[in-house]
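Visitor: Please see the structure below; I have some questions.
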Amino acid sequence: MFRLSSGLLKGGACASRSRIPQLGRSLYSTATSAGADKTQGKIHTVIGAVVDVQFNHGRLPPILNALETTNQGKKLVLEVAQHLGEHTVRCIAMDGTEGLVRGTAVADTGNPIMVPVGPATLGRIMNVTGDPIDERGPIEGVRLMPIHTEPPAYTEQSTHAEILVTGIKVVDLLAPYARGGKIGLFGGAGVGKTVFIQELINNIAKAHGGYSVFTGVGERTREGNDLYHEMQETGVIKLDGDSKVALVFGQMNEPPGARARVALTGLTIAEYFRDEGQDVLLFIDNIFRFTQAGSEVSALLGRIPSAVGYQPTLAVDMGAMQERITTTTKGSITSVQAVYVPADDLTDPAPATTFIHLDATTELSRGISELGIYPAVDPLGSKSRLMDPRIVGEEHYDTAMRVQRTLQEYKSLQDIIAILAGVA
């Protein structure tokens with residue numbers, strides 16, 4: 001029986017190796033010398049998801065390094081977030097800390113969180129640390145990559161514009177998607193963002209020649225379960241054959257540290273396939289939960305919040321991830337990101353910060369969904385940088401402009417009718 005919230009399985013991918021400056025873009029070998037020493041420490045304080053670790057001997061582990069300890073017989077990964085004085089680091093736990101006690105031994109891995117990448121991840125479900133949670137045993141024959149890396153150099157990036165056909169007419173006509181671009185699905189609660197992504201998976205991923213990575217960030221376990229079984233039924237995932245999709249989940253009940261990092265785990269897997277010359281589809285549902293988890297972590301670390309309670313590093317955190325989602329001369333990553341809009345307010349800092357990184361935006365309207373029209377795409381609110389006659393062609397561009405003009409006139413007449421009805 002498939003359970004997203006099952007515990008970490010033994011034999012999950014983790015390896016210690018020497019730290020490489022700047023982390024670079026190269027693929028790393030998992031080999032490590034048998035006698036390599038790990039910096040040892042012990043747990044000093046546990047306050048929810050925040051764990052302080054004391055190192056009385058040796059140097060402190062760098063920021064973003066992964067530390068490992070055991071909690072009730074299971075591996076627990078901690079990520080270094082702050083240095084407190086000369087001997088203590090403050091960490092964020094990637095799993096629950098219930099049962100963790102002071103004095104427990106902690107080892108510095110010498111690396112950021114390392115996750116498995118490569119063909120062996122296809123058809124499997126992993127958590128933020130790359131451990132399988134589909135109860136199908138360990139993921140073997142893989143190499144490991146750090147979830148924190150630098151984006152590709154400008155000279156490696158490609159600017160070629162090509163349309164990605166989705167099969168959804170309102171999108172393909174009025175706000176077409178770019179192959180290798182970043183696409184945002186904006187909408188409030190219950191307007192159909194997840195269903196829209198599932199439709200895109202059905203239309204694109206099944207006919208897509210490359211691989212897909214689906215990352216569930218802070219969403220419902222039930223939706224992940226339904227998606228997994230639906231992919232099995234449609235043949236995207238084959239338990240006894242070649243699958244075309246890898247799934248990474250950090251669901252709603254996970255600690256904020258896991259929800260803040262799980263998107264990077266999925267992105268790291270997608271980057272590997274891209275650098276191997278593949279065209280990759282990366283689905284992230286929901287990017288708002290990434291921001292929300294970041295604000296929780298920021299509050300736990302004692303940082304003063306900025307507007308509406310978000311972390312002061314909101315723009316930096318979002319930019320660091322979005323800049324890695326790009327197309328290079330080797331391959332492409334086409335990213336489709338669902339963006340929850342709190343209270344249907346598009347000026348909220350979280351969706352507003354996401355806007356600036358996107359090539360196309362599809363706005364899902366509550367008013368249209370209330371009419372029973374699905375997908376509830378707002379044809380006037382959705383935009384794309386590809387809507388240019390030099391890219392889509394003169395005929396396509398003129399048709400789209402006429403459609404939008406007609407819809408805008410209809411909307412204006414609706415307002416006039418409402419005013420006259422009120423006067424009468």
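Just so you know, glycine gets a Cβ as well, placed from its N, Cα and C.
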Visitor: Which of these, Y374, Y397, Y410, does Swiss-Prot say binds ATP at the same site as G187, G188, A189, G190, V191, G192, K193, T194, V195, E219, R220?
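Guide: So the ATP site in Swiss-Prot includes G187, G188, A189, G190, V191, G192, K193, T194, V195, E219, R220 plus, from the candidates Y374, Y397, Y410, Y374.
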Visitor: Would you mind listing, in sequence order, the residues at least six apart from R220 (ATP binding site) in the same chain with a Cβ closer than 8 Å to its Cβ?
Guide: Q251, M252
Visitor: Determine the minimum-neighbour residue: among A189, V191, V195, listed as binding-site residues, which Cβ has the fewest other Cβ atoms within 10 angstroms?
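Guide: It is A189 that, of the binding-site residues A189, V191, V195, has the fewest other Cβ atoms within 10 Å.
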